[in-house]
Amino acid sequence: MHKNENNRLLGSVSLPDDPDRSLRPQVLDDFIGQEAARANLKIFIEAAKTRHEALDHVLFVGPPGLGKTTLSQIMAKELGVNFRSTSGPVIAKAGDLAALLTNLEERDVLFIDEIHRLNPAIEEILYPAMEDYQLDLIIGEGPAARSVKIDLAKFTLVAATTRLGLLTTPLRDRFGIPIRLNFYTIEELEYIVKRNARLFSVPISDDGAHEIARRARGTPRIAGRLLRRVCDFALVKQAKTIDREIADTALSRLEVDHLGLDPLDRNYLMLIADVFLGGPVGIETIAAALSEPRDAIEDIIEPYLLQQGFIQRTPRGRIITEKAWAHLGLRAPTQPAASATLSTPDLSTSSDVPVSSLIQKHLWEKDYD
């Protein structure tokens with residue numbers, strides 16, 4: 001660092017190649033937030049170490065970016081065992097799972113992300129492996145086929161899912177330690193932002209950290225990403241420190257508002273508000289209109305909007321709340337949405353025209369009326 005750059009970000013900081021990995025805490029005591037989950041895990045880990053046994057199987061449930069993978073890695077470190085990682089969609093056939101399980105040593109941790117996307121046939125093989133530490137495989141085909149039992153080391157399966165409802169009951173019941181992770185508070189995220197800035201050797205003020213934290217959607221991963229983008233702006237502006245003004249300017253340029261809503265969130269809310277007069281509207285129609293997969297909407301967009309009280313899920317579909325109308329700066333219609341069908345665009349799917357094109361055309365016509 002040059003002497004005349006001591007108080008500047010410009011040229012003084014090089015961010016790591018993999019910032020997410022470098023910022024992850026290594027022990028439970030360094031992990032911020034999720035106090036109940038952390039306290040319980042500490043007890044379970046200590047008990048397993050005292051008994052010299054493998055920890056019971058663990059299932060983490062919660063939206064993306066809350067620390068499921070990080071906690072799994074910390075567990076392996078605290079237990080003093082090896083950590084193996086994979087994801088549900090990657091395990092395509094029985095041989096893939098057998099290779100993973102037979103290479104595990106005593107008390108090792110195997111982490112399977114997105115376990116709700118595991119092939120049902122593979123899931124059947126996993127049952128005896130979790131319960132009896134045995135692998136039941138069929139060798140050969142036809143009349144020559146035979147069943148082979150392979151003994152496995154006593155391991156710990158740690159799985160993560162964003163969709164608990166998609167797990168079958170037999171699989172869900174085999175996890176002795178289910179843990180739900182919740183969105184973080186602004187205070188917790190502010191602490192995380194300050195810690196990450198310190199690791200980056202980037203000076204940041206209290207109000208700057210608070211500004212980033214309150215727009216991070218309750219998610220540490222998003223807080224880390226926003227901090228890196230704010231660092232970019234501060235670098236170019238040659239700011240001495242990241243304060244509220246720098247953070248606000250950067251995040252406004254990124255179209256992240258003061259509650260953390262991004263353009264996709266606002267498009268979601270505007271679609272229901274403007275096209276469907278506040279709802280109710282079905283999730284499939286929303287997915288088609290936004291050109292986004294249904295899973296992405298249910299896993300990424302809706303959890304935060306539900307937590308913030310912007311939308312409600314009803315048997316007839318999604319509706320937006322008074323809070324959402326106010327946030328969008330719009331007035332809620334006085335007539336019920338159900339009786340306002342005449343002003344809703346014709347979204348019949350019998351036409352060859354995609355639903356999303358019809359909705360975009362409707363919004364364009366309203367803009368230029």
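Each Cβ is built from the backbone N, Cα and C atoms, and glycine gets one as well.
For 1-184, the entry in Swiss-Prot reads region 'Large ATPase domain (RuvB-L)', with the evidence type sequence analysis. For 1-21, the entry in Swiss-Prot reads region 'Disordered'. Summarising the annotation, Swiss-Prot assigns ATP binding site to L23, R24, G65, K68, T69, T70, E131, D132, Y133, R174, Y184, R221. What Swiss-Prot records for T69 is Mg(2+) binding site, and it gives sequence analysis as the kind of evidence. Taken from Swiss-Prot, the feature region 'Small ATPAse domain (RuvB-S)' applies to 185-255. Sequence annotations record features per position, and here Swiss-Prot assigns DNA binding site to R294, R313, R318 based on sequence analysis.
Among the binding-site residues listed here, namely G65, T69, E131, Y133, G65 has its C-alpha nearest to that of R294 (DNA binding site).
Close to the recorded DNA site, the chain also has G282, I283, I286, I297, E298, E302, I311, G317: residues not among R294, R313, R318 whose Cβ is within 8 Å of the site's Cβ mean position.
DSSP places the residues of the region 'Small ATPAse domain (RuvB-S)' (185-255) in helix, strand and coil in these numbers: 51 helix, 2 strand, 18 coil. Within the model, the region 'Large ATPase domain (RuvB-L)' (1-184) carries an average pLDDT of 85. Each residue contributes its Cα atom, and for T69 (ATP binding site) and R318 (DNA binding site) those atoms are 31 Å apart. Here the Cα atom of Y133 (ATP binding site) is found 41 Å from that of R313 (DNA binding site).
When the alpha carbons of E131 (ATP binding site) and R313 (DNA binding site) are compared, the span between them is 37 angstrom.
Across the residues annotated as binding DNA (R294, R313, R318), the widest Cα-Cα separation comes to 14 Å. Residue density at R318 (DNA binding site): 25 other Cβ atoms are found within 10 A of its Cβ, drawing on all protein chains shown.
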